[in-house]
């Protein structure tokens, strides 16, 4: 069974369901003649579905990259201080220049995310090499510390509401046409990473190997850092951080396909999209007509998957 | 507190007097800070009302501080590790989950309608059983691979928080603030109805812990040496975890989750005391916690008019301290 | 006597010991030898009830390890596992003093203090008594751990590779000390890595390989060229030095 076509089919099916599920009744068979239904689909359902797919795919790819950057399987963009960095950048620009245009906010969020992720990389480099599990612990604590700064600033400046949506919602219910397009940047950044897939795969083998193969590790690191930060910043700005996707999906795919990123990255992206879309659907269905944010469901499902990954017998190495 | 507990030390007398003097000094400092808290800026208004209010808050702060400090020392002792706190391992998240779980299981109206004391007692009892089971298994099985055990605990905490957030959403879909309200501690809003029970539970647990001092000293050596010395290791670990569960329940019920506060207290206690004897470490952790919290709250609430920020500052400082320990290679 | 009957053991599904039956004689110094992964340490840890027994039966001086209360066992045998870092910040004297804990349970008397002083003295630790464990060398810390086990003052002393980290002089001093204890009526069981320490000091040798006992008996009968060459899969010659076998394996 080849994973790519299977996942592709699953994603298509889920997208169809996603477009037809919601508060308003929409029958896809009569949609061409039903003007109102068409409006619902084009303005709300389709944008939401696309937003979910882009988010899942981009975050999973970002997960692969950050794992290659720190050479540790147990980290993700949500446990590396990246999301908190993006929130800090957004806060700063909101406070300093409340009327700032969107592109400036994006740049501020991405730049700050890059800075805090670089800080995480610096911390990791100073950890004892053999202790695999210390890297995720350091990431979690760094995220916690940065998070408390964000909370503090948010409190002081009466922006707690925003902080809440950035860091702990992971909710797609607010997505309508015109309010999610930033996520395309995340998708594009993730797609760019695929062109350098081989470099990231080599980077994951270690500095010695990378240098031996004539790879400029610094350049690849910078590229990875940029992609991870941009993806995370866009997700944080638009729908709020989604936990565990970037951590769990790369692990699951690597178990089946190994770490040849050129072939596995597309699968990672598809799998991430399927996972987040499934969680978003579950969140829409479980207490209809109300919703549970996809981020909350992923918090549960992702944690369980992570614990399983942590405690299973090692399959390789 | 005589030298009867000299289970450690060939001739502990000279150091004991130094450490005892240190404890005495801390007690005096606490008394001074408490007096400042009670009487500073009292004004001419309704003094007895104000004093009652301040007294209740003082009791709550001291209770939380003592519970945080003592529970952290206890937990570090059973884990034979100096950098863990019960909160890092998801203890308080478990308590929060238990609260929402009980509401779901027993029906919202009925359970919430119970008198606070009965509700609190039920929660503490359930928490104790569950925590001993879960963390007992984790500690007894995971002792070989400490970082993995820590990571498991951290992720369990995330899982508990997500599940309680989920339950909160399902119970009341309009409540958007569920996740937020349980994610942060506040030393400012203390549930006063629980106070007498919380104080009593804390006092009992701390007394029990102090009586176990000699056993704790042996437990801190790690599993192999403790077993070799004839300590019933498993029973001792479970007993200590029970005390930790009670203390964490009390503290979380009063002010909400505080992840890194205990780490600072344990670090202070170990730094200030020149001994590893629990008979002295436990009071040191409790006293330093009380001084920090009462003094800090006085500073932030009265001088800076920023009542809400102390918990954030404490968390920030505690987190940085943890990273510092990590980078210094003290977490292994 | 330590009697081991039908002991098998698995760790995480992997078999470590296969149906081991053997004994460590009373009043002797017994050495467990064998290549890496033979199961020596596991067997010693099972005897010392550091690991729960999965199958079989072990008695120490008549006490069934599985059923005797652990604090009772602590007055019959002392076991020192391979040393791991201790989280508490302890002085050497404090660590050694813990050896008396099984006897006083937190309230030491004058006898306890005397035994601790004696143990510190025996391992040349008195000048270091006030130093913290993390301030001394690995060998000094190792000696403190051994002193703690000795201070426990039990009929049986079990040591897992106690010579780790010790220089030649201290290793020799330790063996001499153990010899004296055995001559005074105690019994010692130890896992030994450097075969010549077994050759020079042990009365009784148990040779293990792949989780099985392949030979056991008086040192002279086990430490033969054929048997050791087989045991370690490497050619070994045996000479003689002061009337004891000397294992030659460096050429």
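Cβ from N, Cα, C; glycine included.
A Cβ distance under 8 Å defines the sequence-distant neighbours of the signal peptide (A:1-23), meaning residues of its chain 6+ beyond its ends; these are 40-41, 44-46, 48-49, 52-53, 253, 256-257, 266-267, 270-271, 273-274, 277-278, 280-281, 284-285, 289. Under the heading signal peptide, TrEMBL lists A:1-23.
The feature transmembrane segment is assigned by TrEMBL to A:46-70 (among others).
Annotated transmembrane segment per TrEMBL: A:106-125 (among others), in sequence order.
Away from its own ends, the transmembrane segment (A:132-155) comes close to residues 70, 72, 74-75, 78-81, 83-85, 87-88, 91, 95, 116, 119-120, 123-124, 162-163, 167 of its chain (Cβ-Cβ under 8 Å, at least six residues beyond either end). For A:132-155 (among others), the entry in TrEMBL reads transmembrane segment.
Taking Cβ pairs closer than 8 Å, the transmembrane segment (A:175-195) reaches residues 42-44, 46-48, 50-51, 54-55, 57-59, 61-62, 64-65, 102, 106, 223-224, 226-227, 230-231, 234-235, 237-239, 262, 265-266, 269 in its own chain, all 6 or more past its ends. Summarising the annotation, TrEMBL assigns transmembrane segment to A:175-195 (among others).
Per TrEMBL, the feature transmembrane segment maps to A:202-221 (among others). Outside the transmembrane segment (A:202-221) by six or more residues, the chain places 67-69, 71, 121, 196, 259, 261 with a CB less than 8 A from a CB of the stretch.
According to TrEMBL, the feature transmembrane segment maps to A:227-253 (among others).
The transmembrane segment feature in TrEMBL is assigned to A:265-286 (among others).
The list of residues near the transmembrane segment (A:292-310) in space but at least 6 beyond its ends in sequence, with Cβ under 8 angstroms from a Cβ of it, reads 52, 73-74, 168-173, 240-245, 247-248, 251-252, 275-276, 279-280, 282-283, 286. Among the features that TrEMBL reports, transmembrane segment is placed at A:292-310 (among others).
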Top Cβ-contact partner of the transmembrane segment (A:106-125) among A:46-70, A:227-253, A:265-286 (pairs under 8 Å): A:227-253
Taking a Cβ cut-off under 8 Å, which residues six or more beyond the ends of the transmembrane segment (A:265-286) line up next to it in the same chain? 3-4, 7-8, 10-11, 14-15, 17-18, 21-22, 48-49, 52-61, 63-64, 172, 190, 193-194, 197, 242, 245-246, 248-250, 252-253, 257, 292-294, 296-298, 301
